[in-house]
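Some notes on the structure that comes next.
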Amino acid sequence: MSIVSSTAPDRAPRPGRPTGSESVAAEPAATADPAAAARPTAAAAELPATAARPTAIPSPAPAPGGPGRPVLARDRAELRAALVALDRAAGAHPRAAAAGEAGPARAASRHDRPVRAVVMTMGALHEGHASLLRAARARADQVVATIFVNPLQFGAGEDLDRYPRTLAADLAVCAREGVDVVFAPAVIHDPPPLVRFSAGPLGAVLEGASRPGHFDGMLTLVGTMLHLVQPDLAFFGRKDAQQLVCIRRMVADLAFDVTVIGVETAREPDGLARSSRNVYLTAEQRTDALALSRALAAGAAAAGDGAPAVLAAARAVLDAADGVDVDYLELASPEDLGPVRGGPALLLVAARVGTTRLIDNISLILPTDTQGA
């Protein structure tokens, strides 16, 4: 699997406020990834992977967040105050104060303002989240991280109650990565919203087939956060590929004024995708879980032989693995999750290892004359 340098990127010069979609070239991988040369260009920007570290995240050089960062906001009023303070400190018209202005006036006030990025998380931050924060810090003047375990996206019998909650450690990660504001509310929707976003057909397949309503709840929370934070850039990990597709479509269909940027999956040195749920795995289960990334690598290596060969190669690895109960293994379009007949494709897998449900995916290119599965 692809693993690149773990060095935090320097804060790159920004050519101006981003508009719409943009493309960011990926860095070359430091180790062999059979699909590394076959990454599809998505509708929104993509950033390369940051190699996962096997131990706790070390402290990098002093981050540009400054003294007193990050500011912790525990409710909407505190978030608004923190964001207004950020804009005023930069000598800009506070966008939070402009939220109620008419369209043209609001657009004018946003033209010369500092670039603001948001990274949305459910906490239990690990190196994958840190790579998102570094990507945001490199591209934006202001970085806002949100930490909220969203009950709307958990179904009955899922791990809402036991999902890791580690706010103190999360704040330390945010401080090291130069985050300006952390929004960590106890509740977002109280009472639960009567009007919610719907992922439509995009949310009914793959993860949505196993977790009905998950993507509706996720989009409702993401849409709310975009409204509250008013970012120019929003960074999401590509490990949650279906989530990224749904968010991009929501942003496009509902004309959110934000650029969605996908960041490559952060992995452990042995290939396991970083996930907050990895803490549930025993040592033996963690070894078993490596079958997912190995299956994806095998499938990607067979991409030149077409979709059936990809699925057969990946399935062979999973069938030979101990302790892995596969939910799905599918090829899908990176644009709409539909069938692929050649060209850019996603190979996606979900499986239970013990009681822990894990997902992973890889991008690849199929021959154009191949019929999709």
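Any Cβ shown, glycine's included, is placed from N, Cα and C.
Where the annotation comes from TrEMBL, it is an automatic prediction and has not been curated.
Contacts of His129 (active site, proton donor) defined by a Cβ separation under 8 A and a same-chain sequence distance of 6+ are given as Val119, Thr121, Val173, in order along the sequence. When secondary structure is read from DSSP and collapsed to three states, His129 (active site, proton donor) falls in the helix class. Here TrEMBL flags His129 as active site, proton donor.
The number of other Cβ atoms within 10 Å of the Cβ belonging to Gly128 (ATP binding site), over all protein chains shown, comes to 22. Annotated ATP binding site per TrEMBL: 122-129, 237-240, Ala266, 274-277, in sequence order.
What TrEMBL records for Gln153, Gln243 is (R)-pantoate binding site. Gln243 ((R)-pantoate binding site) carries a helical DSSP state (H, G or I).
Annotated beta-alanine binding site per TrEMBL: Gln153, in sequence order. DSSP gives Gln153 ((R)-pantoate binding site) a helix state.
Sequence annotations record features per position, and here TrEMBL assigns compositional bias 'Low complexity' to 25-56.
Taken from TrEMBL, the feature compositional bias 'Pro residues' applies to 57-67.
According to TrEMBL, the feature region 'Disordered' maps to 1-71.
On a Cα basis, Gln153 ((R)-pantoate binding site) lies 18 Å away from Leu125 (ATP binding site). Taking the Cβ of Met122 (ATP binding site) as centre and 10 Å as the limit, one finds 19 other Cβ atoms among all the protein chains shown.
Summarising the environment of Ser276 (ATP binding site), the number of other Cβ atoms within 10 Å of its Cβ, over all protein chains shown, is 18. On a Cα basis, Met122 (ATP binding site) lies 14 Å away from Gln243 ((R)-pantoate binding site).
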